[in-house]
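Trainee: According to TrEMBL, the protein has these features:
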type	residues	note
COMPBIAS	169-180	compositional bias 'Acidic residues'
COMPBIAS	199-211	compositional bias 'Polar residues'
COMPBIAS	232-245	compositional bias 'Polar residues'
DOMAIN	16-158	domain 'Vta1/callose synthase N-terminal'
DOMAIN	266-303	domain 'Vta1 C-terminal'
REGION	159-246	region 'Disordered'
């Protein structure tokens with residue numbers, strides 16, 4: 001991809017979007033779609049902050065030039081031309097990064113890449129707002145990821161051992177100041193699993209910390225992608241299965257065949273995909289009830305056109 005013209009110095013008024021712009025630069029080669037939407041978010045946010053002072057107008061003008069150049073380069077990419085595809089691309093990328101950091105955290109592996117992944121996931125959830133309001137689930141993801149990044153960063157900085165796993169949000173901190181010192185040197189993409197690695201549920205660490213039983217996903221939402229980095233060299237405690245109440249399954253769904261006159265819209269397909277994604281996410285946390293409920297919703301929508 002052709003190099004973009006550099007931006008002028010960031011005006012102080014735009015400090016709140018500096019990390020989104022940095023994330024855009026980090027993804028120019030790695031994932032241009034993510035880079036494009038990070039800049040679009042920065043542009044929209046910057047316009048709301050200050051579009052009148054000369055330095056801000058100059059900066060936004062150059063940022064607009066970058067956006068136009070990117071849009072030309074990505075003109076045939078559906079993630080740019082179709083909002084539904086773009087939103088799904090960004091959301092899946094953010095959630096994959098969140099899951100990587102969450103798995104590392106639950107396994108007690110605390111390091112800079114994990115901290116950066118938590119924080120970058122929260123930034124990308126900010127970016128999802130270019131498509132509209134966030135779901136409650138994404139709001140929870142963002143708050144949890146940003147808090148975790150701050151908490152673990154501060155623990156390591158002070159020579160303390162962080163408490164692993166979802167222990168609850170004690171403070172609504174922001175990590176911008178903490179990230180300023182070394183954010184540019186921290187990797188942002190979670191390591192990809194090798195072709196021979198597979199997801200092994202037995203390697204998932206226990207969610208029972210300090211004697212407090214935390215329901216799966218209670219603080220770390222379970223909306224995750226299918227591909228999970230393999231946990232190597234970590235032995236988790238034996239987890240006793242917890243009895244679960246499985247919701248009654250509508251027997252008509254077993255024999256339902258889609259009627260020929262049903263016209264599903266792109267929005268219907270997008271909602272069905274989300275239900276399936278939520279089901280897969282719930283299974284990562286062994287939440288069978290939620291998985292079954294979402295699969296039933298997806299099947300009903302696809303076969304009847306109604307929810």
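Any Cβ shown, glycine's included, is placed from N, Cα and C.
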Trainee: Can you break down the domain 'Vta1/callose synthase N-terminal' (16-158) into helix, strand and coil residue counts using DSSP?
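Mentor: DSSP classes over the domain 'Vta1/callose synthase N-terminal' (16-158) add up to 119 helix, 0 strand, 24 coil.
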Trainee: Take the domain 'Vta1 C-terminal' (266-303) and average the pLDDT across it for me.
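Mentor: That stretch averages a pLDDT of 78.
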